[in-house]
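What TrEMBL says about this protein:
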type     : residues : note
TRANSMEM : 30-59    : transmembrane segment
DOMAIN   : 34-468   : domain 'Major facilitator superfamily (MFS) profile'
TRANSMEM : 71-93    : transmembrane segment
TRANSMEM : 105-122  : transmembrane segment
TRANSMEM : 128-149  : transmembrane segment
TRANSMEM : 161-180  : transmembrane segment
TRANSMEM : 192-211  : transmembrane segment
TRANSMEM : 274-297  : transmembrane segment
TRANSMEM : 312-336  : transmembrane segment
TRANSMEM : 343-363  : transmembrane segment
TRANSMEM : 375-401  : transmembrane segment
TRANSMEM : 413-434  : transmembrane segment
TRANSMEM : 446-464  : transmembrane segment
REGION   : 490-511  : region 'Disordered'
């Protein structure tokens with residue numbers, strides 16, 4: 001049996017009929033301003049993950065107990081990730097109950113408090129508590145920013161706008177390297193490195209006072225007048241009515257479900273379960289294909305390749321961070337032009353090739369001279385290629401897909417759960433990479449990551465649908481079709497685009 005879907009106003013099929021109503025990335029300064037403001041949360045996310053590597057060198061100089069304890073060093077680094085796991089898990093509920101705007105402001109307050117505690121820490125244990133607070137703020141922000149941006153974005157540019165948040169993450173990582181360099185000669189070095197992160201949080205809090213709540217969240221909470229007021233700033237009159245009708249239809253469908261939202265629903269409902277497997281799987285594979293291994297340990301990897309100069313290692317790491325940010329800019333363009341699925345697959349193919357190059361360079365490294373040599377430079381080339389392929393695809397795609405594949409009622413909860421999967425995977429990779437590299441060899445470790453990337457290719461092909469240009473209602477319909485078998489041949493990305501809608505015009509029906 002073929003399922004025929006009435007295309008809602010404001011859907012991708014509707015925009016195909018009225019292309020003049022399509023919006024470009026820079027087409028609305030209000031939406032772009034909202035995106036950049038929300039993306040400051042991504043900046044905090046990226047800055048915190050990057051700054052600690054440089055700060056830890058000076059923390060060890062100030063606290064001898066840290067210098068003498070590898071456990072304390074690991075705890076200082078990983079406590080922020082632990083906090084982020086907790087923040088992401090709670091962030092879904094905070095988003096759904098209090099709204100995206102208040103969740104963002106809450107994250108800012110917690111992050112700023114953590115930055116102050118770290119900067120003023122009299123001992124490593126207070127510093128660790130500050131790292132936990134900062135992690136809580138980062139965790140909530142990592143859930144909130146993509147959902148907030150996605151719900152305020154037109155479907156035709158949603159991917160690029162959500163990817164802007166990923167650009168802010170990679171930009172924050174690059175900024176952290178620059179800040180680390182700037183404060184190396186300043187008294188209280190690490191305190192400045194860690195404390196300065198509170199300023200963007202304060203700035204975002206101030207800007208969010210003037211930002212609206214998500215119109216979709218307002219509709220869900222039956223605050224329609226406020227939602228319409230927000231929408232009037234986003235769309236011209238020719239499209240405004242269509243968007244309101246579309247939101248009203250989605251709200252009516254949510255009312256018909258008429259049940260409270262719970263975490264267990266994600267596993268009880270087949271369509272929700274399929275969506276969560278796709279979203280959480282992408283988040284896990286983003287980490288297990290090694291991105292934060294490269295970002296956390298790029299100076300170490302460069303030195304493993306035979307370049308023993310600290311200055312050269314840090315300089316090459318700065319180039320890696322800059323390429324990561326530049327690659328995300330490329331991804332912002334391609335994610336709405338090539339689609340999420342194709343971008344993820346092409347990214348993974350390049351990642352596999354890069355990881356194999358890295359593996360070969362380290363297998364051959366013992367035969368190379370100590371100052372790097374041919375295979376040392378081959379390792380650096382592998383790192384550069386890895387970032388060049390990863391940043392435009394597997395960097396933004398998991399966050400973008402997770403911001404758009406869940407029903408309105410469950411978007412916060414499911415987004416929080418999948419972000420928690422990301423942080424848990426992040427922690428596992430960060431805590432095991434050096435140990436595995438020491439036990440099995442660096443070449444073998446990169447070969448393992450390449451094998452995981454191969455598994456990721458099959459996962460994307462089988463479990464991840466194409467959502468490019470689709471409205472939230474159309475994306476929901478994909479999971480209904482997959483769950484209940486109403487449409488055959490759903491596995492291909494072209495079918496996902498074709499089956500999601502069969503436009504029925506009244507004129508066509510009457511004829």
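In case you wondered, yes, glycine gets a Cβ from its N, Cα and C as well.
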Worksheet entry | the transmembrane segment (30-59) in contact with the transmembrane segment (446-464), cutoff 8 A, at least 3 CB pairs, sep 6+ | no
Worksheet item: Mind checking which residues reach the transmembrane segment (105-122)? Cβ under 8 Å, same chain, six or more beyond either end.
Response: 41, 44, 87, 91, 94, 98, 129-138, 140-141, 144, 191-192, 194-198, 201-202, 204-205, 208-209
Practice prompt. Please figure out which one of 161-180, 192-211, 343-363, 413-434 racks up the most CB pairs under 8 Å against the transmembrane segment (446-464).
Written response: 343-363
Worksheet item: Counting only pairs at least 6 apart in sequence, do the transmembrane segment (128-149) and the transmembrane segment (413-434) share 3+ Cβ pairs under 8 Å?
Response: yes
Response to the item:
Listed stretches 312-336, 343-363, 413-434 vs the transmembrane segment (274-297), most Cβ pairs under 8 Å: range 413-434
Response to the item:
Maximum Cβ pairs under 8 Å to the transmembrane segment (375-401) among 71-93, 312-336, 343-363, 413-434 is reached by 343-363
Practice prompt. Express the predicted model's confidence over the domain 'Major facilitator superfamily (MFS) profile' (34-468) as a mean pLDDT, rounded to an integer.
Written response: 86
Worksheet entry | Folded-back contacts onto the transmembrane segment (413-434), same chain, C-beta under 8 angstroms, at least six residues removed | 74, 77-78, 81-82, 84-85, 88-93, 95-96, 139, 142-143, 146-147, 261, 263, 266, 272, 275-276, 279-280, 282-284, 286-288, 290, 292-293, 296-297, 300, 398, 402-403, 406, 445
